[in-house]
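Summarising the annotation, TrEMBL assigns compositional bias 'Low complexity' to 1-16. Annotated domain 'Major facilitator superfamily (MFS) profile' per TrEMBL: 49-390, in sequence order. Per TrEMBL, region 'Disordered' is recorded for 1-31. Taken from TrEMBL, the feature transmembrane segment covers 114-133, 145-165, 171-198, 210-231, 237-259, 296-313, 333-354, 366-388.
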Amino acid sequence: MAAQAASASRDAAPDSGPLSQSDPADPPAMEVGALLPGPSLCAERECALPVTVEPVLFLSLFSLALQGPLCTQYLWERLGAQLGYNGTRERGCSNASGPADPFQQELETLTSHWNLYINLGGFTASLFSVTLLGPWSDRVGRRPILILPSIGLALQAAIYLIVMYQKLHVGYFLIGRVISGLLGDFSSILTGCFSYIADITEKRSRTFRVAILEACLGVAGMCASIVGGHWRKSQGYINPFWLAFAVNVATALYAFFFVRESVTPDMSAKLFTTDHYKSVYHLFTVSGVGGRRRKLWLYSLAFFVVVTVHFGAKDLFVLYELSFPLCWPSDLIGYGFAAEYLTYLSSLAGLRTLQICLEDTWVAEIGLVSNILGLIVISIASTTALMFSG
């Protein structure tokens, strides 16, 4: 779905010609890499290396998948301590026939509310920044929107560590999420990586390179979920978040030193300008050939709904797994998230098989139906086996 939406956006945009072409009246071409120090600009075939932005996406998703479930579990424990819920979870989980524990219900509500506040703060900030950074990267290059969000995610992990060391109120998590959102968050990294691959590949090889990026998401999520679950069970929360901080720093350094620019930078491009919002408005309002505008709106709406459900349900899964009747420990929660990320890999294999005999629209419909069925199974799951089957 992400690849289809990206493809639709590129098709709907008016043709501006190759990036390498310039108007005769333009100033002389600037020196390669003048905007941001680092590896030189590369042509399409020169950049088509086996490994380019794949480590950036892998490491960023690894950090994100490592922090997500642990953050919800940390909120559960800290807020539970404030409610005096320590030690009652085991008794509540063993009471299969009794009434619902009111303390547990209150804790679930409080944890979900704080998850909502933190995620909403990050989403609001990133909504402002991504609409600036995305069009800006078309002119200044892709590397800045790979580096800045990585720095933001590192700062977020650092603030989370400070909160945990000092045992500050969990509301301070919101500061980290807002800072990460203002610097682009994971959305900008995702945009930058897919745009980079679109820049450096020809149409015949683009699908395979996009599939590699999707595979990176699956493998990174599986590894991070398993590692985080076991590490949290044996050593607590601090060390996994130190790993998340180090991974984000390594991501920023890799993007700075090893990723070669795929767009000719324009030194005159400004970040804080309404032109970026105008370009987004222009993209969605200008008519295209073959009803491209309508398709772009439909693809964007479908992508928005799918992503909202996908990421919105993750924190709810953790709360449901922590509560009665499942009462999972942290390592089992990690395995549950790893099973969810496994679908990134299985869907790639199924995609290649289904595309042989079905059109892309029918493949997307099958994916949506399978997602709906999985959510239905999870909503009624009362055992570990049924939860994993969903």
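One is the number of the first residue shown, and numbering goes on along the chain from there.
Each residue, glycine too, has its Cβ placed from N, Cα and C.
Just so you know, TrEMBL annotations never went through curation; they're auto-generated.
Counting C-beta pairs under 8 angstroms (sequence separation of 6 or more), the transmembrane segment (145-165) fails to reach the transmembrane segment (210-231), with fewer than 3 such pairs. Spatially, the transmembrane segment (366-388) is adjacent to the transmembrane segment (296-313); three or more Cβ-Cβ distances between them are under 8 Å for residues at least 6 apart in sequence. Long-range Cβ contacts of the transmembrane segment (114-133) within its own chain (Cβ-Cβ under 8 Å, at least 6 residues beyond either end) map to 71-72, 75, 79, 144-145, 148, 170-171, 173-174, 177-185, 187-188, 191, 271-272, 276-277, 280, 315.
Cβ atoms under 8 Å from those of the transmembrane segment (171-198) belong to residues 2-3, 6, 10, 52-54, 56-57, 60-61, 64, 71, 75, 114, 117-119, 121-130, 133-134, 137, 142, 145-146, 148-153, 155-160, 162-163, 206, 209-210, 213, 259, 262 of the same chain, restricted to positions at least 6 beyond its ends. Nonlocal intrachain contacts for the transmembrane segment (210-231), taken as residues 6+ away from its ends with a CB within less than 8 angstroms of a stretch CB, comprise 2-3, 6, 53-54, 57-59, 61-67, 69-70, 193-194, 197, 239-240, 243, 330-338, 340-345, 347-348, 351-352. The average pLDDT computed for the domain 'Major facilitator superfamily (MFS) profile' (49-390) is 89.
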